[in-house]
Structures are given as C-alpha cells and as structure tokens.
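Student: Grabbed the feature section from Swiss-Prot, which reads as follows:
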- D487, D493: Mg(2+) binding site (BINDING)
- 554-613: domain 'KH' (DOMAIN)
- 623-691: domain 'S1 motif' (DOMAIN)
Amino acid sequence: MSQEKQVFSIDLAGRQLTVETGQLAKQANGAVLVRYGDTAVLSTATASKEAKNVDFFPLTVNYEERLYAVGKIPGGFIKREGRPSEKAILASRLIDRPIRPLFADGFRNEVQVVSIVMSVDQDCSSEMAAMLGSSLALSISDIPFEGPIAGATVGRINGEFVINPTVEQQEQSDIHLVVAGTKDAINMVEAGADQVPEETMLEAIMFGHDEIKRLIAFQEEIVQAVGKEKSEVKLYEVDADLNQAVREMAEKDMHSAIQVHEKHAREDAINEVKKRVIEHYEAQEADADTLGQVNEILYKIVKEEVRRLITVEKIRPDGRKGDEIRPLASEVGILSRTHGSGLFTRGQTQALSICTLGALGDVQILDGLGVEESKRFMHHYNFPSFSVGETRPMRGPGRREIGHGALGERALEPVIPSEKDFPYTVRLVSEVLESNGSTSQASICGSTLAMMDAGVPLKAPVAGIAMGLVKTGEHYTILSDIQGMEDHLGDMDFKVAGTAHGVTALQMDIKIDGLSREILEEALQQAKVGRVHILNHMLSVIAEPRTELSAYAPKIITMTINPDKIRDVIGPSGKQINKIIEETGVKIDIEQDGTVFISSINQEMNDKAKKIIEDIVREVQVGEIYEGKVKRVEKFGAFVELFSGKDGLVHISELALERVGKVEDVVKIGDVITVKVIEIDKQGRVNLSRKVLLKEEQEKEAAKEENKQEQQ
C-alpha cells in the first residue's frame with residue numbers, strides 16, 4: 001500500500017463524501033479519514049499479531065466523541081471528555097453489529113476498530129461516516145475481514161423515501177431507519193417509526209440496501225487502489241480425532257438432554273453430560289488446550305442438534321410450535337407509592353417496569369455532539385445477575401443494558417403525548433427479574449402497562465416481540481418469541497415493537513450471509529400476529545390509561561404570561577422566583593414563549609404560587625377599580641397596595657369630596673379602601689382616586705332620588 005496521501009470522492013444524498021488515506025495514523029493496520037460535508041471522522045483498525053487463548057472472537061469497536069468537534073469545552077472541573085455518552089455507546093454497537101459476522105469462524109486475533117469524531121456537520125451523520133470508515137479501515141488493512149460493509153439512514157417524508165435526511169428532514173420524517181449490510185444482503189437494521197405498516201418498513205429497508213450497494217462499490221475501488229494483501233492467519237480448529245471421540249462419547253446423551261423442556265432442568269441435563277466428558281479427559285491428564293477443544297465440541301453438538309430439531313423436525317427446545325408464544329401474565333399497580341407500575345411475564349422472562357412523572361425541569365440535559373439539548377422521556381433497562389440465577393458484581397449499566405434501554409425508548413416515544421397535552425417529564429425503569437430471552441421486548445410491554453397505570457394518555461399501547469430464524473441449506477424456520485437458547489444458537493435476532501396500527505421500533509441482527517426479501521416479509525407478518533396477541537392480553541389487564549394520576553405524582557398547573565414579564569417573575573439574580581419557591585415549595589419552569597409550569601404534590605400550594613405570579617405580571621389599566629390596603633401615609637397622600645407587588649398613590653386632593661387637611665383624618669395604615677386608577681405617568685407610577693368613586697356614588701344617589709320624586 002502506498003504511503004502517499006490519496007483522496008477518493010462520491011456523492012452521498014447530495015453532499016460530497018471524501019475518503020483520505022496514506023496521511024494519518026500510518027502505524028495502524030488500516031486508517032482512513034472520512035469527510036462528509038463538514039463532518040470528519042478518523043477510523044482506524046488494528047489487530048494483534050498472535051491469536052488470543054480465548055473461546056470467542058475478541059473484537060472491540062469504539063466510537064469516540066470529542067467535544068471540540070462542535071466547538072465546545074467539556075463541563076465539570078476536569079474539563080476533558082469522561083466516559084462515553086449514551087449516543088457514543090449506541091453508535092459503537094451500531095458499527096460492531098454489521099462488522100462482527102464478517103470475520104471467519106475460528107479467528108481469535110484481537111481486533112480493535114476506533115472511530116474518532118473530529119468535526120460535526122449536523123446534516124451529515126457522523127455515525128454513517130464512522131461506519132463506512134470502520135469498514136474501509138478493515139478492508140484496506142491486512143486484517144482478514146470479509147467485507148466491506150456500508151450503512152445508510154433512511155427517512156420518509158410525505159410518502160417519499162430519503163437517504164441520510166438532514167436535521168430538518170428528520171423532524172418531518174415518520175421513519176428513522178439505519179440499515180447496514182454487504183453488497184449481497186442486509187445484516188443489520190435499527191429503526192424507529194411512527195406506527196408505520198410492516199410493508200412500508202420492508203420497502204424502506206430495501207431502498208436503503210440499494211444505496212449500500214453503491215457505497216460498497218466505491219469502497220471496492222479504494223481497496224483496489226490502496227489495499228494491503230490480507231495476512232495468512234491460522235484459524236482455531238479442533239482436532240479431528242478428538243472431535244470424533246467426544247461425539248461418540250456424548251452425542252446420544254446430549255441429544256436427550258436438549259429435549260428437556262424446562263430451561264433450568266435442560267441446562268442441568270446438558271451440564272451433567274459436559275461434566276462427565278470433561279472428567280473423563282481430566283482423568284487422562286489432558287492439558288488446558290485439549291479441555292478447551294472438548295468444550296468447543298460439546299457446544300457444537302448442542303448447536304447442531306438444536307438447529308436440526310427446529311429446521312427438520314420443527315421441534316423447539318421447550319416443545320412449542322414455531323409461531324407459538326409462551327404463556328402470558330400481567331399485573332399493574334403492584335407498588336403503592338410509585339406513580340405507576342407494570343409487571344409483564346412471558347414464560348420464564350419477567351420484567352417489572354416503573355413509571356415516574358416529574359416536572360419539566362426534570363428533563364435530562366444532554367451535553368454531546370447532537371442538536372438535541374434535553375430529553376423529557378427516558379427509558380432505563382437494568383439486568384441484574386439474579387435474573388439468570390447467577391452471581392456477579394453489581395456495576396453500572398453496560399453496553400447491552402444501554403442498548404436495550406434505548407430500543408425500548410425508541411419503541412415507546414412515538415406514543416408519548418406532547419408536552420402541550422401532558423406537561424410532565426416521564427422516566428421509565430425496567431427491572432428484569434427473570435430472563436430466558438426477549439427481555440428487551442418484555443420491558444416494552446411492562447413499560448406500556450406502567451404508563452397506563454400512571455395515567456399517561458398514550459396515543460396507543462405498544463407491545464414488542466423477538467423473532468428468530470434457523471436456516472440450514474434451503475430449510476428454514478421462523479420462530480416467534482424466541483428464548484435464550486434459540487437466540488444464542490439461531491441465525492437471526494429480529495425484535496419488532498409497535499401498536500395495533502404499525503411498527504414503532506425494529507432491531508435486527510443476522511449472523512449468516514443475509515436474508516432474502518421473502519424471509520424478511522414472512523418474519524414481519526408473523527411478528528405482527530404475535531404482537532397483536534400480546535397487545536390483546538395487555539388490554540385485558542388494563543383497557544386504557546387511568547383517568548387520574550397517582551396521589552403521589554406531582555400536580556402541574558400551566559399558565560401563560562407576557563414574555564416581557566418573565567424577568568419580573570424571576571427577579572434580580574433569581575430573588576423573586578426563589579422567594580416564591582421557598583414560600584410555596586413548588587417547582588417553577590418558564591419557557592421563552594411565556595408558558596409557565598408550576599408543579600408540586602400539593603394543589604393548594606400550586607394555586608398559591610399561581611396567584612403570586614398572576615399578581616407580579618398583572619398590569620394596571622387606567623379606569624380599573626381596586627380594593628386595596630393602605631400601606632403608607634405621607635403628608636401629600638396615601639400609598640395603597642392594589643395587589644402583591646403593585647402600589648399606587650391617592651393624592652390628598654383625591655381622598656374625599658371635601659377638602660382634606662390631614663391624610664390621617666380620612667385613612668390610616670391598614671384600612672381597606674376602594675380606588676380607581678386615573679393615571680399612569682411616563683415613569684410607570686400609578687395615580688389613584690377615591691374622590692372620583694365617591695362622586696360617582698353621589699351622582700347615582702341623586703339620580704335615584706330624582707326618579708323617586710318623579711314617580712310620586
């Protein structure tokens with residue numbers, strides 16, 4: 001490969017995409033700088049020279065955000081980037097998933113793919129640039145990668161599909177789809193949608209694949225020009241004689257163990273066979289490498305038999321039919337003090353979701369590379385070790401938990417009511433209590449139940465289902481509601497969430513070379529049937545959102561003030577607003593358009609705070625009549641409080657009809673008198689009159705007396 005800088009360009013969605021090689025990071029096995037519009041991403045690929053002594057492929061994909069890319073300095077005391085943001089973790093997963101299946105079985109060399117985002121143009125996706133850069137860095141390197149792959153974002157505006165939509169277009173789009181794959185097939189889909197029909201989602205996937213083919217052809221040209229020769233790597237293989245011996249010893253018993261229906265009993269039966277075989281070789285003083293190979297052979301026996309049973313005999317590990325869903329059970333309102341809770345159980349998978357409602361000030365503030373600054377709807381997913389009957393240290397959420405939480409959030413977001421209709425921040429937490437496959441989809445079902453229990457007026461209830469596929473040659477079986485073993489040993493994990501009207505989220509990972517359109521179509525339709533079945537079960541537990549919020553949820557009052565008066569409510573250095581909060585114990589959030597949200601558990605305090613704000617922003621008009629309290633008496637007149645924060649002066653000459661010698665002869669401090677606004681001067685001072693009202697009253701009495709005399 002030439003070390004001179006070379007530049008390659010292609011048009012992508014009306015914007016130029018440029019790839020530069022040979023100048024940066026030349027000690028990596030492969031490195032490219034991808035420029036897309038003003039977005040710039042440096043992608044590198046490196047690999048260890050020797051294979052690692054592990055029983056899996058050690059691939060790490062990192063998508064690294066740098067705040068200098070958007071001209072920001074990190075907050076906090078340290079002033080440098082810390083742990084990856086949620087968006088960065090999701091982008092890393094997005095790149096990892098289509099790349100991972102394209103390394104040969106038995107490849108054990110450690111591979112690290114790093115993409116550093118160096119400049120961001122919001123209309124030109126840094127994730128898509130990083131995906132293309134990661135594929136190219138691997139493809140031009142000497143690492144034995146069977147790519148290239150490419151990805152594309154697809155939107156839909158007014159029924160028309162759009163590739164890599166701009167920020168403005170994304171706001172109008174009812175689909176946000178990321179599709180990735182090779183030139184021959186799709187191997188990864190990640191999508192959010194606004195209740196879009198299955199047929200439309202399939203069309204969008206195929207539309208994205210057409211663009212992928214063009215981007216792969218572009219990459220192949222670059223590989224032809226600057227690619228290194230792939231290195232010869234010895235793949236991990238088990239010894240043929242050992243393979244035969246282990247199979248003769250274990251195959252029959254393992255086949256029987258696999259057909260035990262209950263998860264833990266099946267695992268115990270399989271482990272018993274494994275233990276017997278391992279002990280046999282330990283007695284012969286086999287070394288660690290041999291024992292590792294024995295474990296590998298035993299795993300393959302299980303995998304082959306499970307796949308054969310599903311594809312040929314149409315028997316699933318737990319005895320279900322291909323489209324059969326495990327027994328369902330649901331419950332709501334099981335936690336008294338929470339704002340809403342939902343327990344969803346599907347076979348041996350169980351999720352407890354809790355909904356918490358907060359004021360709009362409780363939104364999550366995002367400090368990243370995107371345009372979005374805050375988030376009022378959140379879904380967090382926790383997967384404790386006890387859910388699978390294991391022990392391990394309790395740490396913060398890993399990549400998988402963040403990914404599953406984001407999938408649930410994407411599935412539910414389209415049905416969350418607008419801020420105008422429901423001025424609350426909504427946080428969902430899904431606790432996985434039991435796991436045997438499809439926990440992310442169980443968390444979606446549990447979250448829907450929790451929000452309905454909390455009284456969130458959802459546009460429609462959402463349910464999710466995980467589909468699987470096992471394909472051997474021309475034989476294939478599509479599985480509804482896959483359990484852990486089917487997910488682990490199958491060829492596809494295809495999660496579909498949505499309402500009765502359409503899809504709201506889709507996530508697909510394929511471990512084989514790819515799927516035909518026909519199989520995808522069949523899987524989507526089978527998923528729809530399963531989803532509707534689950535929805536009907538959920539609606540039998542709670543038919544619609546509760547009409548009243550929990551007694552423990554905050555009550556929110558919305559009011560509108562003149563935007564020019566916002567500064568009066570806040571006061572100098574926030575003194576006024578802090579005084580209201582201290583006096584009433586409420587939370588106050590003010591939007592730039594003058595919308596004010598007052599929230600607390602106590603409705604009485606909300607009303608009190610509202611009255612205070614109304615008084616602050618209330619404007620005095622000439623001609624208005626007030627009943628006010630005398631606050632101060634001077635020689636020239638009396639100061640009267642019309643309402644909180646607003647005083648006016650009744651001059652001594654305006655106190656009474658007759659001449660007044662001393663103000664105190666008519667009023668004293670604390671008296672409540674009725675006054676009329678007669679003038680507001682240029683300095684905003686309010687002049688009041690009691691005399692005018694007394695005169696009007698006198699004239700009314702005189703007119704009444706005159707009428708009385710005429711009638712006599």
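Keep in mind that glycine also has a Cβ here, set from the backbone N, Cα and C atoms.
Worth saying up front: this structure is predicted, and the values here are computed from it rather than measured.
I'd like to know what surrounds each of these features in this structure.
Tutor: The local packing around D487 (Mg(2+) binding site), expressed as other Cβ atoms within 10 Å of its Cβ over all shown chains, amounts to 17.
Sorting each residue of the domain 'KH' (554-613) by its DSSP state yields 32 helix, 16 strand, 12 coil.
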Student: Reduce the DSSP letter at D487 (Mg(2+) binding site) to three states and note it down.
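Tutor: It is helical.
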Student: Would you mind pulling the DSSP three-state label for D493 (Mg(2+) binding site)?
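Tutor: Strand, per DSSP.
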Student: Counting only residues 6+ away in sequence within the same chain, which have a CB under 8 Å from the CB of D493 (Mg(2+) binding site)?
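Tutor: Looking at Cβ-Cβ distances below 8 Å from D493 (Mg(2+) binding site), excluding near sequence neighbours, one finds A466, M467, G468, I482, D487, Q507, M508, D509.
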